[in-house]
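Student: Below is the structure I would like to discuss, written out as structure tokens.
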């Protein structure tokens, strides 16, 4: 048993070290801790039920040695002084006390003897004294119904032979209790680690975190805390209380007959069980206690199932909200892309407008340099349009007086050019123009826009070279003609060469 305890302790310490080196997720640890609590509660109830069953069916005829407390001694007399002395009894008692590894959970039975070594008569009830080992607070003694009346042994009288009165000390702790202490310490360490881990996370995370609600407590509700309502077939409702049964086995207690008559439709009670006043203990107490334990553990699991369902629903709500946010984000991105396309179109329109502004400014510059001369003189005074003013919208474009340009090229002013005969207006106008503004007649012997007349100038030679280069003649003939042109001297020879070249090109 000691080896098993040491094994469990070592495993617990290894688990604690591993948890300190690599902390687990708080949710996983809480689930493991809840499962461990349910398992430990089930094991404790199983041990209690097994101890009670063993105490009921144990043969109490086996004698056991008493356990002496620390620092005190207990003396017992042997049954036969002739064969067994007090020294042998003391040796057996000392051997029992020295063996600290022997711890029995069985029921102990004691015989009462007088000082002479004879068994005391009339104390049959003393045989039913029971000592429960394994308790921490001491030994509890149960006696028979007539123990205080029939017993002749007085614990307060001193022993005439000088022996000290027997002092029954507390029995050592059972291995099962020690094992549960180790598990309790292990659970406390795990809880401490969880608290430290949560404190560190709260200090490190300053932003928003998802706070998981704590696991609801698994305390059993009392009869006064949770009133419930039960529906019936009629309109009235009856209030009741919800409480768990403390008994693990036995018969159903009889219920008192109600004094009130039924106010609604009757309910069938064919499957109701008959009540029993007395029930003998059965061998299936362990099974019943185990069933009750499983029911209790199942009732403890139900709040955790509700908690898991709530947590699952919260997670689903969060997922739905995230999906909706994703969809909204996609819509926003689509609209932003359309805005970017519109921005490109707007930029192209702005570029076109800037180009048009440049062209308009260029046209305005050209118009500002124009001088449009609108003749305003020489009109018939009887003409109804003679006194009509110029369109005011055209004044910035015209920029000059209507008769200013004409007055500058005439010899006489406009006041002196009034003619009575309208038929002679054109002849008089020609004579009135200044000589330097009059056009000269076209001469046939000089070059003009009508024809080309070569002379001995360099310009004439350049024109002939251009005619030869732009012709459809071959390269050899072009080179030959160019060499002849270079050898020609004088205007007459150049004119003859030009006539010959024209004939060659026409053919």
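Glycine is no exception: its Cβ is also placed from the backbone N, Cα and C atoms.
Swiss-Prot feature annotations, pasted as is:
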{"type": "REGION", "residues": "56-79", "note": "region 'Disordered'"}
{"type": "MOD_RES", "residues": "86", "note": "phosphoserine"}
{"type": "REGION", "residues": "137-307", "note": "region 'Disordered'"}
{"type": "COMPBIAS", "residues": "137-160", "note": "compositional bias 'Acidic residues'"}
{"type": "MOD_RES", "residues": "151", "note": "phosphoserine"}
{"type": "COMPBIAS", "residues": "189-199", "note": "compositional bias 'Basic and acidic residues'"}
{"type": "COMPBIAS", "residues": "222-233", "note": "compositional bias 'Basic and acidic residues'"}
{"type": "COMPBIAS", "residues": "236-252", "note": "compositional bias 'Low complexity'"}
{"type": "COMPBIAS", "residues": "266-278", "note": "compositional bias 'Low complexity'"}
{"type": "COMPBIAS", "residues": "279-301", "note": "compositional bias 'Polar residues'"}
{"type": "REGION", "residues": "304-376", "note": "region 'Multimerization'"}
{"type": "REGION", "residues": "459-507", "note": "region 'Interaction with the nucleocapsid (N-RNA)'"}
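So where do these features actually land, and what's packed around them?
Tutor: Note on the compositional bias 'Basic and acidic residues' (189-199): residues 12, 16, 19-20, 23, 26, 29-30, 33 of its chain, located 6 or more positions outside it, place their CB under 8 angstroms from a CB of the stretch.
Residues of the region 'Interaction with the nucleocapsid (N-RNA)' (459-507) grouped by DSSP class, helix first, strand second and coil last, total 40 helix, 0 strand, 9 coil.
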Student: Please average pLDDT over the region 'Multimerization' (304-376) for the predicted structure.
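Tutor: A mean pLDDT of 85 is what the model gives the region 'Multimerization' (304-376).
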Student: Using DSSP, what is the helix/strand/coil residue split across the compositional bias 'Basic and acidic residues' (189-199)?
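Tutor: So the compositional bias 'Basic and acidic residues' (189-199) is made up of 11 helix, 0 strand, 0 coil.
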